[in-house]
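Undergrad: Structure provided below as structure tokens; questions to follow.
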Amino acid sequence: MAAVAGLYGLGEDRQHRKKQQQQQQHQKEQLEQKEEQKKIAERKLQLREQQLQRNSLDGYGSLPKLSSQDEEGGAGHGFGGGPQHFEPIPHDHDFCERVVINVSGLRFETQLRTLNQFPDTLLGDPARRLRYFDPLRNEYFFDRSRPSFDAILYYYQSGGRLRRPVNVPLDVFSEEIKFYELGDQAINKFREDEGFIKEEERPLPDNEKQRKVWLLFEYPESSQAARVVAIISVFVILLSIVIFCLETLPEFKHYKVFNTTTNGTKIEEDEVPDITDPFFLIETLCIIWFTFELTVRFLACPNKLNFCRDVMNVIDIIAIIPYFITLATVVAEEEDTLNLPKAPVSPQDKSSNQAMSLAILRVIRLVRVFRIFKLSRHSKGLQILGRTLKASMRELGLLIFFLFIGVVLFSSAVYFAEAGSENSFFKSIPDAFWWAVVTMTTVGYGDMTPVGVWGKIVGSLCAIAGVLTIALPVPVIVSNFNYFYHRETDQEEMQSQNFNHVTSCPYLPGTLGQHMKKSSLSESSSDMMDLDDGVESTPGLTETHPGRSAVAPFLGAQQQQQQPVASSLSMSIDKQLQHPLQQLTQTQLYQQQQQQQQQQQNGFKQQQQQTQQQLQQQQSHTINASAAAATSGSGSSGLTMRHNNALAVSIETDV
């Protein structure tokens, strides 16, 4: 029985050897096919280099692209049996070689001279676009937006005209412009075409302390402290406006009594506030903050002349000046109350002086209302409104001009139409201007109305003309407002959101061979782990089992071979990345990949030879064990021999 079992085990061993030989033959055929493909690709690159050399020597354009038969069959033969020569075709332009660009699977073809028009861009610079070159497919690959590349390629073909496709969002196209490195000039031109007005660059102070103070008061978004300062400024502005309105209430007014005659008195409002007045004290606190803010901003500004020319700073100055004039008036009245000798003044001069001073004080108090425009520094809505009015000055001028023509025309018409009526409200043409303005703006107070039939007809025509006149320029003003509003919101969204698009995976030097090495290395290591798990989980296979001792050297050899391969891979990657990409041509890149793949094949062959030697030693050991088992007649040893043979064959198959 033992001899039969040994013969049965040898038969299985032969079958496994046969399968192993078939697998090795299949692997050898695959390697030969890969080598043929590499030779063909290398031949293509050599032909392309020869074409470029001929072009540089002869001064002509590039050669026409070879046919597939010429590329695959090497150097073709002409009709006479000799080698066929490709003569360059004369051109008027250089760089007529066609370039294939693959954008997410969509292939584009263009001429090299088209891309070379913009050498500072990604596609125009040979060193930069070489990172994305695939030598096996002989094309450049970009994993980017396909619809956007139509406009990018048209930018090169048209000589610098950039047009965004309708189906591409604005943010996506902006990212594509940045990726292809078209430059700041192209980006600014694109933003102008899309309606984004280029904002003027606001310089910062050179001194570090001045820069911090300037950012603190001028840019509320720069820090948390700047936001606090902005909130305080807004609160003080609102408080001053509320005080300005509340002090005009009758219960808060101050009155003076004047003796006009012997038995007559006159009561008038006191235009000069008292120093102890609560409103005046609050106004003083607000002015202290406004003055402090304006002074600090002036001292920290980078350009004093531009600071004085700014409209917002002029408004700040106008909002402060009335207080100091009022304060000077209060101090002057306090001096008048003192019993000091004064020159006699006539009653007429005194009344005229009082009227003049009251008029000046009222104008000064009116100027305080301009403080409300200080809110525009902290309000995006007011800034948009100001930009809209500034951009619509022409339309507003046309509106006022049309209203002026209508007012003159219809006020004259209604005056002559109502001239014969006894109860007419229109005493003169200038007196009818008010009625024409109120009617054309469709307000209609009713204080002046036509009485006669002809006057009513003129009033009807005036109302219709006013509706048409006002309605014509209003849509243009509204469209300007929508434009500035959407532009502001789009800019805020682009600044607040970070668009994380899929970036291209460039073909860096050596990446083609490294991927194959890493995959083969991971597969071999996973196979070793599975083999080790299988050995440990095999029933009856203990540490003293002969199968364990036969497998252990093989696993140790594989682990020792894995470490130098991984270290050599990392060293080769580091060395290749240290070389400047500008000095690598397509031929050098491919030659490096060929050398790496050749080293991989040599290592694989050495590993295969070592494995075969180990298997031969294991087979001789198992044959000796089977012979010993046959002589002893032990059934258990025959079973052990079969188990060892099966284990050795499984090891050889996995390798």
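Glycine too: its Cβ is placed from the backbone N, Cα and C atoms.
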Undergrad: Would you mind telling me which one of Asn263, Asn624 Swiss-Prot calls N-linked glycosylation site?
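TA: Comparing Asn263, Asn624 with the record, Swiss-Prot tags Asn263 as N-linked glycosylation site.
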Undergrad: Asn306 and Gly386: same side of the membrane according to Swiss-Prot?
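TA: According to Swiss-Prot, Gly386 sits on the same side as Asn306.
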Undergrad: Look through Asn102, Asn259 and state which residue has the annotation N-linked glycosylation site in Swiss-Prot.
TA: Asn259
Undergrad: Given the transmembrane segment (358-378), which of the listed stretches 225-246, 312-332, 394-415, 457-485 has the most Cβ pairs that are under 8 Å apart from it?
TA: 312-332
Undergrad: In the motif 'Selectivity filter' (442-447), how many residues does DSSP call helix, how many strand, and how many coil?
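TA: So the counts come to 0 helix, 0 strand, 6 coil.
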Undergrad: By Cβ distance under 8 Å, which residues at least 6 away from the ends of the intramembrane segment (430-441) in the same chain are close to it?
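TA: Beyond its ends, the intramembrane segment (430-441) has Cβ neighbours at 403, 406-408, 410-412, 414-415, 448, 459, 462-463, 465-466, 469-470.
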Undergrad: Can you give me the average pLDDT across the motif 'Selectivity filter' (442-447), rounded to a whole number?
TA: 87
Undergrad: Which residues of the chain, 6 or more past the ends of the transmembrane segment (225-246), have a CB below 8 A from one of its CBs?
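TA: Residues 215-217, 219, 252, 279, 282-283, 286, 289-290, 293, 365, 368-369, 371-372, 374-375, 377-378.
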